[in-house]
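Right, one structure below, let's go through it.
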Amino acid sequence: MAALGHTFPFYAGPKPTFPMDTTSATIIMIFLTALATFIVILPGIRGKTRLFWLLRVVTSLFIGAAILAVNFSSEWSVGQVSTNTSYKAFSSEWISADVGLQVGLSGVNITLTGTPVQQLNETINYNEEFTWRLGENYAEEYAKALEKGLPDPVLYLAEKFTPRSPCGLYRQYRLAGHYASATLWVAFLCWLLANVMLSMPVLVYGGHMLLATGIFQLLALLFFCMATSLTPPCPLRLGASVLHTHRGPAFWITLTTGLLCVLLGLAMMVAHRMQPHRLKAFFNQSVDEDPMLEGSPEEGGLLSPRYRPMADSPEPQAIPLSEASSIKAYCEEVHPREPECAL
C-alpha cells in the first residue's frame, strides 16, 4: 500500500477540479472581452452620447451573457449538507464531509469535500457530473461511475436520478431541462434581433423583441417550476442528515434578467408613444426628418412618404395673350420646322 501512495489500488484517484464551470467561465470571458473592446473605443465618442452608449452596451452584454450562462449552468436547484457517512464500498470507514448537489438543465453535479480534506490517507475532493443531454445516456454514465468505484455519497445521489429510480427525479428534471433550455435559446435569438433593430431606425420593434426576450425567459422559469413540482420531493438521506434542495443562483438570475427585459421593453414602447425624440436621442439617432418623407401613423410612419396635397400645390398661372403670341413668333423664327411651334 505504501508503494501505491496509501490508496486503494482498484480505485481511481480524484479528478482535478476547476473553481467554476468551464463553460460558464468561457461565456463570461467572451463577453468581458467584448466589453473591453467597446470600452477601448469609448473615448472616441463625444458628449452625453458617450454615457448613453456605454449604458446600452453594458446592459445588452449583461442580458446576452446571462441568458447563455444560465442555459449551461448546473445551479438551477442546489443543496448542501455536512454529515458523517460511509466512504466507499467494501470499507467500514466513515468520513466527515460536505456533500453538495447542483441540478441544471442538462444534468446533475455532485461534490464531496472532506472536512478536513485529508482523511484516511487520501484527499477527499470529488466533483462528478452526470448528464442527460440529447444523445447521451445517463444510465451508462452511472454504470461507469460504479466501475470507477466512486465514493458512496456520490453514487447514492447519482442513483436517485437514474431512469429506474422510484423517486422519478430523472423524468421530472430531464423534462424541465429540455423545455427550459429550448425556451432560453429562443430568448437568446430574440436578444440578437433586438440588438439589430435597436441599431436601425425601428426602435419600437427593438422594444418589442426586448419584451419578447423577457417573456421567453419567464416562460423558461415557468416550465422548470411546473415540471419539478409534478412529483413530491424525494428524501436524500446521507448518514444521519437529509439533503434538501432549493432554487439556485441560475434560477434567480434568469428571473432578474427576464423582469429587466420586460421593463425595458415596456419603457421603450411608452417612450416611443410619449417622447419619441428623446428616445431617438438616447439611441444616437437623428431627430430631424426630411419633410418630403414625413409619414403619418396611418400610412406607416417613416417607411411611407407623405406627398404634398393638392391644396398646397401652386396654382397654374394664366399667360397673357400678347406674351403667348410673342413666344410663338420667336419659336417660328428660330425653329420653323418644329411641330410644337405650330400649336
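Including glycine, each Cβ sits where the backbone N, Cα and C put it.
As annotated by TrEMBL, transmembrane segment applies to 25-45, 52-72, 179-198, 210-230, 250-271. Here TrEMBL flags 293-318 as region 'Disordered'.
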(message) Considering only Cβ pairs within less than 8 angstroms, which of the stretches 25-45, 52-72, 210-230, 250-271 has the most against the transmembrane segment (179-198)?
(response) 210-230
(message) Should anything in the same chain at least six residues away from the transmembrane segment (52-72) have a Cβ under 8 Å from its Cβ atoms, list it; otherwise answer none.
(response) 21, 23-24, 27-28, 31, 34-35, 38-39, 42, 45, 104-106, 181, 184-185, 187-188, 191-192, 195, 198, 213, 217, 250, 253-254, 257, 260-261, 264, 282-284
